[in-house]
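Annotated features, as they stand in Swiss-Prot:
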- 19-260: domain 'tr-type G' (DOMAIN)
- 28-35, 94-98, 148-151: GTP binding site (BINDING)
- 602: diphthamide (MOD_RES)
């Protein structure tokens, strides 16, 4: 039996021992060393050859990733590690750190129970570290800390042992402050990372060594030895004495939970069904003999197998030929193949049981976030996976050859299924395909990689367009609106939605709702908690994309029969704002009164939808409407000498500097800029700092467009959309 075959046999055996499984992720800021760490862990566990590790970036197996030197898609791999005489199976997901790919990170968090947070010792805790940690804690994922690039503190920055210590203490305190701030109540103290119990490790992923307090006690190596090895350039010897994989994987096994342990507190948070039901109990206990329940966290498209779904099973087991039911899609599918991951390869297995992460072939229509169960025991779906960012840039895309059009439509649908942070729509008037993403790099990866390289369709990509929103800032008077046949009248008032309610909607605490009957009491309570007037909250008819329609009427005959049509009109008004036909957000529409014709034939869709739509639009025009533009936080890390140039670059783009820190000879600038001004920023900032800065961006919500620009901007958008210019 070759080494590889032994490894596969081991993995198959351990998959059935639930307390010996660890599902973990590695998360960090871009370039802090995630992928190098995961490769060297793989090499240590005998999965790829040692000579290549660190250079090979086994998990960056997409040629585009290897070229750019950044991880774009989350990759999966399984490995075996022995700790205190027992063997453990570790399923590792490497997630991207670049901000344009935040969606991948959020989805990976659903599949794992613990995370190694990697922080670069030189740069410290960065904005993206904070974002990723927040996502982990929100999904109830327990963290441990690995401080990377320690050799650079010793060799490049020449820090003394005292300075080293204070640098480490600062990083650990920063991480613990974030955990205190963001962890769920019951874990605020339990989950803090501590040097003394070994939930913090230090080392150099690139040079393949690491150290932790338990390992020092076990091996007798001290911090002084480490400084000596680094100064004398004998890090390869150090890697033999204190191997990275041993220290880090020991920490993972000791401090991160097994599936049965983690599911006890994760399931109540992730799944809103009845925990006392058969499925609920099976998931809490990670029971392989219970009803099937799993969540699909990612779709990978394979040239040979088609769509491969990455799935975390919470209960039951799944084997080839099984029929499963997809809850969100409401359809059945047959599993053609079940396999586990080893880097870029999938190894077919007979069956997979609860607690494991696997790859399934055969779920053609599945999208990320889908819940799967068995057709005879249908369960409640898992909560929608909430993404922190939303698409802010749109490009028009068309095939260079008309014959590629059907193929292009298929690829765009597939991309939207794989990545929920991408939106694809067809502009009805112009017939263009519009692709929206989270930033320039995100869009470029999709068009160059997924469409041109993988699908082989040459495309023309239009100029990037910024996605604006509309809202109101004042309250309108009561506006009367008549149906086209003049037999029905609706009376509306429009005002801004409470800021706190909009925030709760964005964080996913309040869902989209259409109600024909009474609103679910849970949602009413959430609305009141978020600051809505209790009387209004009880009368909500519809919540749609951050706008709310409230029925303030009393005792109107026939109103129930036209409710759906009024909701339809409200949605149309919210999709096309009055200023520039952009989507609205944060608008509260109240239906104050209605006079309806008693004959149903005179209050059909052709009468009621326009009455609602135009009435709401007129009311918005009298409620001081404004245009909102998307903003981004910009974080720049630059040498002091280039600080002025970097700040000029920001202020030339209507940016505001929010914060500035100095650490050694580096300046850290935190600013906020409109997305509209950020095109071409990558090249400009490189030029301004002679390529010596690191920068990243993060979505920062929508803000009002400056008044002096609004009129011109509305004119431009209307012109682009071919609307009348009045």
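Each Cβ is built from the backbone N, Cα and C atoms, and glycine gets one as well.
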#### Entry: Distance, residue 28 (GTP binding site) to residue 602 (diphthamide) (CA atoms, angstrom)
61
### Task
Could you tell me the mean pLDDT over the domain 'tr-type G' (19-260), as a whole number?
76
## Note on the structure
Least Cβ-packed of the recorded positions 28, 150, 602 (other Cβ atoms within 10 Å) is 602
### Message
Check the DSSP secondary structure of the residue listed as 'diphthamide', expressed as helix, strand or coil.
### Response
helix
### Summary
Per DSSP (three-state), residue 28 (GTP binding site) is strand
